[in-house]
């Protein structure tokens, strides 16, 4: 939200602010992941009372660490796609990473056992499916942000925000905003259209 606010103001340092926020949040999550991993015995005890289940879960609980880390970076780095008017790119990247990379990989290695892995390794793959998808998604998002023209992005966000404000003002004044085109309000709905009144 802070980055969007800066982009809306066309702040030239929005990119630096985004990088700093991402760096600090990643560091905070990494610290919490370290605590999580250090307390893995307690997590395993909470998961089950059965000794065999605990032993199996203890081998794969570390998968939660990359899951949380990659999720944060993927969500944060791709969060600007929709405000910048690129929702199709967001959906395509998410679909590609999950259904074209992660699912076939896990399906081949864990379900169909192409590589003849142990049960523990196959369980790790199944539990880590989301991480396998989120890692390339995070790289895609970071690459997008690294190559983003932040000045042009500020213009796009500012323009879209102003259009939204105009639409809200039209609704508040009981006027009907146009379907497309410049942010003008058509007065009085159908009656106003007949009279050709605009404001």
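Every residue gets a Cβ built from N, Cα and C, even glycine.
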Exercise for the section: Look up transmembrane segment in TrEMBL and report which of 63-87, 88-112 it refers to. Expected result: 88-112
Practice task
State the residue range annotated as transmembrane segment by TrEMBL; the candidates are 124-144, 145-165.
Solution key: 124-144
Handout entry: Surrounding residues of the transmembrane segment (17-39) on its own chain - C-beta under 8 Å, 6+ positions past either end
Key = 2-3, 6, 11, 62, 64-65, 68-69, 72-73, 76-77, 80, 145
Exercise for the section: Give residue numbers and ranges for long-range contacts of the transmembrane segment (124-144): same chain, 6 or more residues beyond its ends, CB-CB under 8 A. Expected result: 59-60, 63, 66-67, 70-71, 73-74, 76-78, 80-81, 93-94, 97-98, 101-103, 105-106, 109-110, 117
